[in-house]
Amino acid sequence: MKVTIVGAGNVGATCADVMAYRGIASEIVLLDIREGFAEGKALDITQCATNTGFNTKVTGVTNDYSKTAGSNVVVITSGIPRKPGMTREELIGINAGIVKSVAENLLQYSPEAIFVIVSNPMDTMTYLAYKSLGLPKNRIIGMGGALDSSRFRTYLSLALDKPANDISAMVIGGHGDTTMIPLTRLASYNGIPVSQFLSQEQLDKVAADTMVGGATLTGLLGTSAWYAPGASVAYLVDSILNDQKKMIACSVFVEGEYGQNDICIGVPCIIGKNGLEEIIDIKLNDAEKALFAKSADAVRGMNDALATVLG
Ligand SMILES: NC(=O)c1ccc[n+]([C@@H]2O[C@H](COP(=O)([O-])OP(=O)(O)OC[C@H]3O[C@@H](n4cnc5c(N)ncnc54)[C@H](O)[C@@H]3O)[C@@H](O)[C@H]2O)c1
Ligand SMILES: O=C(O)C[C@H](O)C(=O)O
């Protein structure tokens, strides 16, 4: 199975590295606009093979889309990341044009591919890809919830002092500092509600830390994060290529689900060989429904800024 990743920067290269190491795809093509950059990243990753024991073919190209032909999955990470103090939404002006042209180029050479959108603001970029490519909604998937849920589980694990893999928890809604919705009520430690172990004050802090998880790392690193984002993309692509049918919160086009229409927003999705296979309808309580409606309003508002790009 062939995967193309556009953007060989921090997230794209990390994603390629994790996918190669875990043998998720047989072939990975990294593409970047910067001369020689993707070639260099691909060669460096390839030179891990004998020490980490993988057989994935990893190549890099400078803006040559013909080398991406016939990809089963394409991942878009091209664009600029935020700097400390910025919101993801401030990236829209530059990233919208990049994502649209990259997506169109990819489709030309891989007409059957499933698209995974990573560039920020991710929900807006996913909507842009959906509207401009004209593909069925199952083939356009925004990655954000996998990462946010992983951060939520990490913060819960730290508060509980228990392994993150024993914790089940999900974040839905927009992939923004104020639009994420960590579903604390449904989070569990091996099936036991986390509220049996943590006070409301502790739970509120975990949710707040989760929501600004990306901003915290941006403040520490001077640019946005890449290890957990790259691993989260690989996790999502694995579920597609290997038809795992995992439930992963992803940004997809909604048509009535959760009371919303005509936006891409994070909802629990079954992800398999067809991309989005089903949206799971969680019975939210009234407070959660209100948070989702507010998040959807903010996500919808950002889509208005796309008018010029969408023509
Ligand atoms: N959805 C998420 O959960 C999530 C997580 C982390 C980062 N991101 C976003 O992903 C994007 C990439 O982040 P990063 O840290 O890897 O940035 P980065 O600067 O390290 O890498 C971006 C790469 O894109 C390339 N690029 C720019 N324009 C291009 C074009 N037209 N064609 C091909 N390549 C092009 C650049 O040359 C660069 O190498 C940012 O927008 C960031 O906000 C999203
Ligand atoms: O925080 C960012 O800007 C990058 C990404 O969306 C993240 O959550 O790490």
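From the backbone N, Cα and C atoms, a Cβ is placed for every residue, glycine too.
Residue counts for the domain 'Lactate/malate dehydrogenase N-terminal' (1-142) under DSSP, split into helix (H, G, I), strand (E, B) and coil, are 67 helix, 28 strand, 47 coil. Summarising the annotation, TrEMBL assigns domain 'Lactate/malate dehydrogenase N-terminal' to 1-142.
Look at TrEMBL and you will find GLY7, ALA8, GLY9, ASN10, VAL11, GLY12, ASP32, ASN95, VAL118, SER119, ASN120 tagged as NAD(+) binding site. Around the Cβ of ASN120 (NAD(+) binding site), the number of neighbouring Cβ atoms within 10 Å comes to 27.
Summarising the annotation, TrEMBL assigns substrate binding site to ARG82, ARG88, ASN120, ARG151. Note: ARG151 (substrate binding site) has non-local neighbours VAL171, ASP209, THR210, GLY213, ALA228, i.e. same-chain residues 6+ apart with C-beta under 8 A of its own C-beta.
The annotation domain 'Lactate/malate dehydrogenase C-terminal' is assigned in TrEMBL to 147-298.
For HIS175, the entry in TrEMBL reads active site, proton acceptor. Sequence-distant neighbours of HIS175 (active site, proton acceptor) (same chain, 6+ residues apart, CB-CB distance under 8 A): ARG88, ASN120, PRO121, MET122, ASP123, GLY142, GLY144, GLY145, LEU147, ASP148, SER251, GLY266.
Per-residue confidence over the domain 'Lactate/malate dehydrogenase C-terminal' (147-298) averages out at a pLDDT of 98.
Remark: of the binding-site residues GLY7, GLY9, the most isolated position is GLY9 (fewest other Cβ atoms within 10 Å of its Cβ).
When the binding-site residues GLY7, ASP32, ARG151 are checked against ligand 1, GLY7, ASP32 have a Cβ within less than 6 Å of one of its atoms.
Taking GLY7, GLY9, VAL11, ASP32, ARG88, ASN120 as the candidate binding-site residues, the subset whose CB lies under 6 angstroms from any atom of ligand 2 consists of ARG88, ASN120. Residues within less than 8 Å, Cβ to Cβ, of VAL11 (NAD(+) binding site) and separated from it by at least 6 positions along the same chain comprise THR77, PRO81, VAL118, TRP226, PRO229, GLY230, VAL233. In this structure, the C-alpha atom of ASP32 (NAD(+) binding site) lies 19 angstrom from that of ARG82 (substrate binding site).
Cα of GLY7 (NAD(+) binding site) to Cα of ARG82 (substrate binding site): a distance of 15 Å.
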